[in-house]
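*Asks:* Pasting the relevant annotations from Swiss-Prot:
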| type | residues | note |
| --- | --- | --- |
| BINDING | Lys22, Asn23 | phosphoenolpyruvate binding site |
| BINDING | Arg93, Asp305, Val327 | UDP-N-acetyl-alpha-D-glucosamine binding site |
| ACT_SITE | Cys117 | active site, proton donor |
| MOD_RES | Cys117 | 2-(S-cysteinyl)pyruvic acid O-phosphothioketal |
Amino acid sequence: MERLLIRGGRRLEGEIRISGAKNAALPIMAATLLADGPMTVGNIPHLHDITTTMELLGRMGVGLTVDERMRVEADPRSLHSCHAPYELVKTMRASILVLGPLLARYGEAQVSLPGGCAIGSRPVNLHVEGLRAMGAELTVEEGYIKARCDRLRGARIVLELVTVTGTENLMMAAALAEGTTVIENAAREPEVVDLADCLNAMGAKIQGAGTDTLTIEGVERLNGIHYDVLPDRIESGTYLIAAAITGGRIKLKDTAPKLLDAVLVKLEEAGARIETGPDWISLEMEGRPRSVSVRTAPYPGFPTDMQAQFCALDCIAEGTGTITETVFENRFMHCLEMQRMGADIRIEGNTAILRGVPALKGAPVMATDLRASASLVLAGLVARGETRVDRIYHIDRGYECIEEKLAQLGADIRRVPA
């Protein structure tokens with residue numbers, strides 16, 4: 001076990017490179033199961049969830065090699081098992097993404113019900129119902145989804161709720177199905193579009209990515225290719241807030257400004273000066289931020305994965321802001337920890353009301369999920385004295401070398417044994 005120690009009060013300044021998006025890399029790594037030969041995936045972030053996915057693929061028999069630039073070559077021709085065991089799946093919800101590819105390519109799958117962050121029910125029933133509509137036989141027994149099929153058949157699937165992983169799983173399954181599949185109320189997130197772009201480059205026939213209706217014409221085979229995943233928009237937003245909250249000035253390289261419109265608008269509302277180019281964003285903040293109010297929504301709305309970070313900003317901003325969470329349940333656990341640091345926060349249903357205070361005070365705090373842990377680090381950067389963030393294994397699931405990147409910008413932060 002490790003923790004982060006942060007001494008706040010330093011203005012962040014400098015340049016950093018943004019990593020590839022974990023939420024794009026994970027489904028694309030699962031999509032390698034669909035290929036009929038070796039496939040190389042580049043711009044992969046070095047994260048615990050990526051390592052877990054590689055271990056899962058390797059356990060199934062996929063041949064894996066990784067070079068010094070974190071390019072992963074996966075060769076599914078040596079696959080000998082369609083079993084995703086509990087000891088791997090329990091730590092990461094995205095492991096459910098192997099279900100669709102295994103069924104479509106090999107006709108069977110046995111996948112443990114997934115784990116991951118404890119931020120609401122996040123049911124997998126939409127995956128199961130969609131695959132049943134395509135002709136698969138699925139049962140849930142002893143904590144496992146057990147599935148079989150001949151060749152999947154195209155179907156019209158109307159998702160009851162917008163689900164990113166559900167859309168991705170069904171899209172991958174439909175790519176090799178017989179006939180045409182239409183997915184309505186599909187997720188529109190950039191990571192879904194990136195997966196569709198990857199599948200199309202492999203030979204799939206997918207139309208409508210980025211809209212709420214996907215049309216997938218099944219093909220007989222998909223080729224192994226090289227594909228680079230898109231930059232991480234959530235990591236980008238987190239470091240922009242780190243600069244804004246400390247009155248700093250930074251430039252992000254290898255990022256994608258067009259994916260961050262909802263976040264950049266709110267940062268400008270808070271008083272930041274922002275400039276963008278094709279693959280870079282610069283931000284400068286002078287003085288205390290102004291409070292902002294946000295309401296989370298599926299893309300292209302304000303991302304739920306950024307609300308905890310804006311909570312940290314509102315804690316020390318001038319004025320009162322509100323954060324309304326409409327996507328997941330139980331996603332304000334970080335607020336209790338911020339109150340230990342002197343934050344003035346009141347929770348009413350699915351809304352947090354934050355009245356900015358002149359300063360936070362360093363304190364021992366505990367991370368409860370991935371984005372909550374990032375928000376506590378942000379609060380520590382601006383707090384007086386030392387903040388100790390425990391249970392940082394959460395943050396290692398989604399941020400590559402966070403203490404190194406922040407130290408590169410001038411933060412006083414270090415990782416120590418707990």
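Note: Cβ is positioned from N, Cα and C throughout, glycine not excepted.
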*Asks:* Counting only residues 6+ apart in the same chain, whose Cβ is under 8 Å from the Cβ of Asp305 (UDP-N-acetyl-alpha-D-glucosamine binding site)?
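*Replies:* Result: Ile234, Arg371.
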*Asks:* Rounded to the nearest angstrom, how far is the Cα of Val327 (UDP-N-acetyl-alpha-D-glucosamine binding site) from the Cα of Lys22 (phosphoenolpyruvate binding site)?
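*Replies:* The separation of the Cα atoms works out to 19 Å.
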*Asks:* Are there residues of the same chain, six or more positions away from Asn23 (phosphoenolpyruvate binding site), whose CB falls under 8 angstroms from its CB, and which are they?
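*Replies:* Once residues fewer than 6 apart are set aside, Asn23 (phosphoenolpyruvate binding site) is near Ala94, Val164, Glu189, Glu191, Asp232, Ile234.
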*Asks:* Got a sec? Which of these binding-site residues, Lys22, Arg93, has the most Cβ atoms within 10 Å?
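*Replies:* Its Cβ has the most other Cβ atoms within 10 Å: Lys22.
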*Asks:* How many other Cβ atoms sit within 10 Å of the Cβ of Val327 (UDP-N-acetyl-alpha-D-glucosamine binding site)?
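*Replies:* Val327 (UDP-N-acetyl-alpha-D-glucosamine binding site): 19 neighbouring Cβ atoms within 10 Å.
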*Asks:* Going by DSSP, give the three-state secondary structure for Val327 (UDP-N-acetyl-alpha-D-glucosamine binding site).
*Replies:* coil
